[in-house]
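Database features (TrEMBL):
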{"type": "COMPBIAS", "residues": "926-940", "note": "compositional bias 'Polar residues'"}
{"type": "DOMAIN", "residues": "324-581", "note": "domain 'COPA/B second beta-propeller'"}
{"type": "DOMAIN", "residues": "598-785", "note": "domain 'COPA/B TPR'"}
{"type": "REGION", "residues": "889-976", "note": "region 'Disordered'"}
{"type": "REPEAT", "residues": "11-52", "note": "repeat 'WD'"}
{"type": "REPEAT", "residues": "95-127", "note": "repeat 'WD'"}
{"type": "REPEAT", "residues": "138-170", "note": "repeat 'WD'"}
{"type": "REPEAT", "residues": "186-229", "note": "repeat 'WD'"}
{"type": "REPEAT", "residues": "230-271", "note": "repeat 'WD'"}
Amino acid sequence: MPLRLDIKKKLSARSDRVKCVDFHPTEPWTLSALYSGNIFIWDYNTQTLVKQFEVCNLPVRCAKFVTRKQWIATASDDMHIRVFNYNSLEKAHEFEAHTDYIRYIAIHPTLPYLLSSSDDMSIKLWDWDKNWQNLQVFESHAHYVMMCQWNPKDTNIFCSCSLDRSIKVWGVSGGAGGSSSCHFTLTGHQRGVNCVEYSPGGEKPYIISGSDDRTVKIWDYQTKQCIQTLSGHTNNVSYALFHPALPIILTGSEDGTVRIWHGSTYRLEATLSYFLERVWSIAVLKGSNTAALGYDEGTVVIKLGSEEPVASMHSGKIIWAKGNEIQTANLKLLDEGVTAREGEKVPLSVKDMGAAEVFPQYIAHHPNGRLFAVCGDGEFVIYTAQALRNKSYGPALEFVWAHSGAYATRDSNGKITVFQDFKESFSFKPQFNVEEIFGGRLLGIRGGDFICFYDWTEYRLVRRIDVVPKDVIWSEDGNNVVLMCPDSFYVLRHDKEAVQAALVSGVAVDEDGIEAAFDLQNEISDKVISGLWVGDCFVYISHAQRLTCLVAGSQETLAHLDRVQYLLGYMPEQSKIYLIDKELNVTPFTLHMALIEYQSAIMRKDFPTAETFFAQLPESLHNRIARFLENQGYQAEALQISKDDEHRFELATQLGKLQMAADIIVSISAQANPAMPPRGKWKNLGDVALEQGDFTLAKRCFSEAKDLGALFLLYTSVGDADGVLDTGKLAEESNIGNIAVLCYLLLGETKRALEVLVKASRLPEAAFFARTYCPSELSRVVKIWTEDLAKVNQAVADSLADPAKYPDLFQDYDLTLAAEKVFEAKRKNPPIASAYGTEKEILEMDVVEEIKKMGIDGFQSLILKGGSGDKPVQPVQPVQPVQPVQPVQPVQPVQSAPVPAEPTPAPEQPTPQIDLLTPEPAAPLAQSSAPETVVESSSPELLVPDAAAPPPESAGGEPPAPEQSGGGNADLVDLL
């Protein structure tokens with residue numbers, strides 16, 4: 001069976017010539033020793049350069065991690081060995097080791113030993129615990145010694161290779177003066193030998209070597225014979241090694257290619273070329289499928305095949321492959337009292353079953369669990385699950401089980417053979433190129449851009465579907481199937497009765513098969529790593545490492561995983577689903593079968609059955625069920641079940657049960673931090689109450705939320721003067737100046753509005769506001785403004801005109817003071833709302849001209865009586881709020897009830913005064929239109945009012961209510 005080696009490039013980093021590469025065993029680091037004399041350390045996960053430092057100005061031919069000392073040991077052409085700390089990059093030690101170039105260094109796996117081989121034809125053993133004492137020197141080669149490697153099975157033995165065409169095996173005595181003679185020599189290469197390596201783990205007594213004769217040889221060091229020669233490279237072979245996890249051999253050559261050979265059959269599996277010129281070094285990471293390649297022009301890190309473990313589970317019994325070894329574990333036999341926590345490793349008792357006859361790339365249980373199949377190396381073997389006894393075998397590139405226990409195989413020619421009761425039933429070769437086969441209720445065969453499903457009993461097409469799945473997963477009852485594509489997956493419903501009826505009727509089937517065989521249920525745009533069916537629920541692990549449950553199109557995340565894991569199986573009696581990672585660690589997650597059945601019943605609208613399963617569920621799952629019911633549109637039922645106050649509030653609000661929602665907020669407030677009240681929820685509920693016309697509840701909600709903008713809108717809409725006053729006070733306390741000014745202005749409390757501006761240090765606005773509405777306060781405000789401005793620019797401050805000092809610059813200033821007194825008197829007896837038609841005439845008059853025409857007494861009589869004088873003024877009577885507070889006349893607001901006026905202090909007698917900054921006179925009384933006041937949204941202050949821009953005329957309607965945060969324009973009455 002050709003190995004399924006999906007090769008992915010994880011790092012490609014260009015640099016100077018790389019003479020040696022090595023992996024850090026725990027960090028995602030690749031070390032590159034450069035011909036330029038530098039060391040680079042790359043992170044192959046992030047494709048970034050982590051560290052770099054210079055060793056010397058001559059080539060560094062070899063460098064190795066010594067992780068137990070946190071070192072990097074280097075050998076260079078200046079004949080020195082140097083040791084650096086790879087965290088601080090400081091040099092720990094340096095000494096001259098040889099009299100010629102050092103070709104290679106090998107670190108002992110456990111002892112403090114380092115071997116070095118050199119062009120001086122010697123190998124030396126160094127002990128770093130003894131201050132780098134030279135313990136032994138090995139001399140027997142007749143040419144440059146290119147490499148030396150420790151034997152992993154017997155770490156007192158090492159081998160070496162040389163350009164004298166030989167491979168020698170040596171032993172170390174552990175002390176000075178020991179025997180340094182060669183144990184034996186292997187010869188057979190026609191030219192110099194560049195590299196040598198032992199088989200990892202010592203499982204096989206093999207040595208591999210690569211030579212300038214362009215061949216790779218595998219040697220049995222026990223029989224001292226060459227057992228295989230690999231030919232194919234077109235230039236010198238610079239590196240060769242066995243992969244520690246996969247049954248492959250990697251070889252690199254100066255022809256620029258890396259070749260992958262099968263470790264058992266020695267068949268060439270793949271040839272890699274990354275166009276970076278010659279290959280000089282190869283390194284592999286133990287326990288991983290990762291390999292690093294050193295080229296003339298840079299470093300490449302690749303991932304060979306999948307790291308998904310070869311494992312299968314049936315009824316709690318797990319079987320997996322560890323190399324060629326088959327191991328088993330039983331989840332039902334966990335030690336008593338041992339309970340695995342959610343997402344934590346299960347303490348399993350693992351039993352060795354023996355070695356498989358082939359290298360397993362696929363393991364799967366028979367549907368009844370008593371047998372399992374292993375497929376690999378172009379063959380399949382069916383074993384008994386209790387003991388590793390051979391039940392059946394044969395040639396196969398792929399092997400799949402049917403739901404009934406039948407199985408099918410695919411050979412190298414694309415022929416499909418179906419077996420029933422371990423005997424060949426029929427075989428066929430499709431008219432298209434077969435890429436992969438899938439088992440289950442139907443036999444799936446994938447072509448180039450489609451998949452065809454066939455019946456297991458005979459060669460009959462059931463359905464062709466134009467998708468290219470990488471896996472097909474059937475539910476246990478065969479009614480549902482998932483087609484896992486590279487970036488999404490499809491959930492299909494299989495109609496077995498429709499297929500059977502079509503087959504029995506004998507109706508001719510076209511090239512697309514039986515249309516009624518499948519019905520598309522869902523298409524989910526999520527990349528699936530692995531998945532399985534639990535009843536009618538599809539559980540899968542996504543590419544983002546989320547364990548997700550899919551029921552009738554509704555997705556729910558069960559857990560977020562902290563590492564790459566794969567689904568193994570489900571145990572209904574434990575209500576647990578089990579996952580496995582590449583290190584064969586098994587972890588459980590809870591998934592109640594009753595929950596799955598309940599959700600399925602709800603989707604079928606089978607409510608009596610759903611109630612039955614609901615009674616079996618623990619209360620801890622009620623919130624999860626409530627979320628599910630809400631997604632399905634059953635909000636009322638979800639509200640009854642949910643125990644989460646946050647969720648219950650959302651549901652009560654959606655259902656219009658506002659009083660219940662308010663009670664829930666009170667419950668949340670009792671449990672919450674007093675410093676962080678749930679104002680957001682009060683605000684949301686208030687908005688809903690306002691939409692539904694429940695003003696009482698809306699007022700309560702906005703008050704709890706301290707939403708002054710909403711309170712302002714509410715009170716002005718219903719004409720509640722007391723509410724507007726309270727809102728203004730609250731806004732002033734909260735430093736929300738725009739709301740406070742508007743509230744006071746609408747109530748005619750102009751001096752309180754002016755004080756808000758002064759406290760907010762908006763002195764220019766306060767001065768213009770006083771000139772317009774409170775001329776008696778103008779001199780005081782200008783004085784404050786001048787003092788404040790003098791801190792910044794004295795010259796500008798001196799240019800401000802005070803009416804107390806320059807009365808001649810303020811035209812008709814005395815008239816504005818008189819008008820202010822008249823309107824203050826008017827404020828004590830505000831008109832009723834029904835008098836708006838009469839009072840409107842006052843808003844349209846030219847106040848200054850009227851005073852000049854009628855005199856102060858006549859104007860006062862007109863204003864206090866109201867209107868043009870030909871209509872009697874009605875006595876002010878308290879009435880219920882019927883009209884909104886009008887912002888057109890701050891001194892005489894239109895109100896539904898009289899507002900108690902504060903006592904007005906007697907204004908000072910004016911002296912001859914002048915204008916402030918402009919010779920234009922300010923009108924003392926209301927005109928037909930008002931200046932615009934811009935409300936600032938980001939601070940408790942107001943922008944400068946634009947007195948030059950005429951606002952729209954008042955039509956008697958209510959003004960647009962600003963938000964609490966500002967952002968609108970308010971029409972204000974200009975009394976000038």
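A Cβ is built for glycine as well, from the same backbone N, Cα and C atoms used for every other residue.
With respect to Cβ pairs under 8 Å, the repeat 'WD' (138-170) is most closely packed against 95-127, considering the stretches 11-52, 95-127, 230-271. Beyond the repeat 'WD' (11-52), the same-chain residues lying 6 or more positions past its ends with a Cβ under 8 Å from any Cβ of the stretch are 58-65, 67, 72, 74, 76, 84, 86, 89, 274, 276, 280-286, 290, 292-301.
For the repeat 'WD' (95-127), the residues of the chain that approach it from at least six positions outside its boundaries are 61-62, 64, 66, 73-77, 79-81, 133-139, 141-150, 152, 155, 158, 160, 162, 170, 172, judged by C-beta separation under 8 angstroms. Sorting the repeat 'WD' (138-170) by DSSP state (H, G, I as helix; E, B as strand; all else coil) yields 0 helix, 19 strand, 14 coil. Across the range of the repeat 'WD' (186-229), the DSSP-based residue counts are 3 helix, 25 strand, 16 coil.
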